[in-house]
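**Q** When I checked TrEMBL for this same protein, it listed these features:
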REGION    310-375  region 'VHIID'
MOTIF     341-345  motif 'VHIID'
REGION    395-427  region 'Leucine repeat II (LRII)'
MOTIF     445-449  motif 'LXXLL motif'
REGION    530-606  region 'SAW'
Amino acid sequence: MDCNNNNNMMRKRRDRPLPANPTIPANPPANSVSSSSSSSMAAKKLWVEENQVRDAGMDELLAGLGYDVRSSDMAEVAQKIEQLDMVMGNGYVEEISNLSVDDAVYYNPSDLSSWLESMLSEINPPEFSSSTTTTTTTTTTDTFAFPRSAQIYDEPTSSNYDLSAIPGEIVYGERTKNKKTKYELNHHQHQQQQQQLVVPDSCSSSSTSAGVSQSGSLVVVVVDSQETGVRLVHTLMACAEAVQQNNLAVAEALASQIGPLAASQSGAMKKVANYFAEALASRIYQSNLTKSTLSVTNYSSFSSFSQILHQNFYRSCPYLQFAHLTSNQAILKAFVGEERVHVIDFGIKHGTQWPQLIQALALREGGPPTIRLTGIGRPDSGGSPGSAGLDPVREIGWKLAGFAEKLRVGFEFQGLVVESLADLDSETLRLREGEAVAVNSVFELHELLARPGSVEKVLGLVREVRPSVVTVVEQEADHNGPVFVDRFNEALHYYSTMFDSLESGGGGSDGQDLVMSEMYLGSQIFNVVACEGADRVERHETSDQWKTRFVSAGFEPVHLGSSGFNQASDLVSLFGNGDGYRVEEKNGCLTLGWYTRPLIATSAWQLGSNTKI
């Protein structure tokens, strides 16, 4: 509609003159007959009129101005004004804003409903296009857009992920010709124009609304509502499904909506959503790059910084401290009565696990044993196993040797740097006769799953070492499934719980530790979501899955005992007043979780009695 016509239409008057106010004489005649009786009659008449107004459902304030308008009509008028604002918001804001106050026109509220109806009809709100082109290979739908107030959701009929129980409606779905949107139901004059909404076949029916125009442009509708958290989760899952189906246009459009939805949230959910959105965006845009470029740029090159994040994560929450405590308890139990002990640590990191063990062995009844520690590290970015990567490991060894010397404990340290644990062999470990050996792995074995056969090779090496005990700590999660959407769904649940525990049970850690810990977990999220193939190393599996692998390799579980359970419970009570963290025993393992969700698990293993080397 032409803007000038619009302005002229707005200036059309339907004025209804205000009733003249009755004039009350200042000095009534002294001889007025029955003045009090007349006043009483007038008051009674006014009272009756007011009751009639109420009985008729009229608006009392407008009735006092001489307008007979029902309150229900005003609600309809308000709704149409809102719709008019929505429709005119995009095309007429500038023109309307130029109108001066003098141009204002005041209408009888009783006539506003029909006037607004005519306005809406003349402006022509968005219609569904009936022109749909279908070929043997693709289905194309004209670009469409809905006003923000339009809620066009269909309840999902099926879903591939377990968030379907969350109340809410999905925008993205095939619409039948008989089904009307709420927007259309509010505009009866357009009911005959309803058309079938066709969606690209490659898109999931549980995604958020998206349409592909003939020109290739994409329009995504995100509906404002109070349930933005539910919308956020559905959008994340819909984007993951589009990525899995390689529908990158839809995935990109959905990814762009995650940020605004996340901004409406607070606390852990907002942070988790942003990390997952970043990972999804990287996965989408990496389609024009090589997989190795993504990995080198965003993950492996930050190995040095990863060590710093690891240290902050250790301080800010009980997970790593729980892992070290429960592993050391199993090692101490296996070393009872031994004079020479050798600990092989598959991931030395900062060496924070071992002062506690050295001190416990120093205080052992009968005197401490001679301790030998083999610490295995990873090369820094740009370094090599024989150069720069070895210096940090050696520095850790010197510090531990100085600590053991103060306790008057015989101590020997051997540092190794390898690209992968699969590169180790028994000769490199320099085993000696008469030593009791313990093998320790904290969050290390799952990385081997990126390369087929590596886990079996390492477990074969461990079997050859003939250790007294093998301690393993891994995430209690399944992030190694073959289906991306299932992996994404599991990771979203897992890391949401992790971030919630950091937010609520940080144990008084400062803001820097909290931020760095979130970055530590964020790097894992990135690897789980954005990387594939050998580059995806965060391949976490559950304790039951690890049990199957160890039993197949000839090991049997060792019960960790009540002592480890009690000490672990005392440890977690120091974080967040102990509220939220839960230590539980599961088939001989000890798990640490947040409320009902286990998050990490410690298990101990020994060679089976019938195992052949």
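Just so you know, glycine gets a Cβ as well, placed from its N, Cα and C.
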**Q** What is the number of residues in the region 'Leucine repeat II (LRII)' (395-427) that are helix, strand and coil, as DSSP sees it?
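**A** Summed over the region 'Leucine repeat II (LRII)' (395-427), the classes give 17 helix, 7 strand, 9 coil.
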**Q** Tally of helix, strand and coil residues over the region 'VHIID' (310-375) according to DSSP?
**A** 32 helix, 12 strand, 22 coil
**Q** Within the region 'SAW' (530-606), how many residues are helix, strand or coil going by DSSP?
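**A** Taking the region 'SAW' (530-606) as a whole: 29 helix, 26 strand, 22 coil.
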**Q** Using DSSP, what's the helix, strand and coil tally for the motif 'LXXLL motif' (445-449)?
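**A** Secondary-structure composition of the motif 'LXXLL motif' (445-449): 5 helix, 0 strand, 0 coil.
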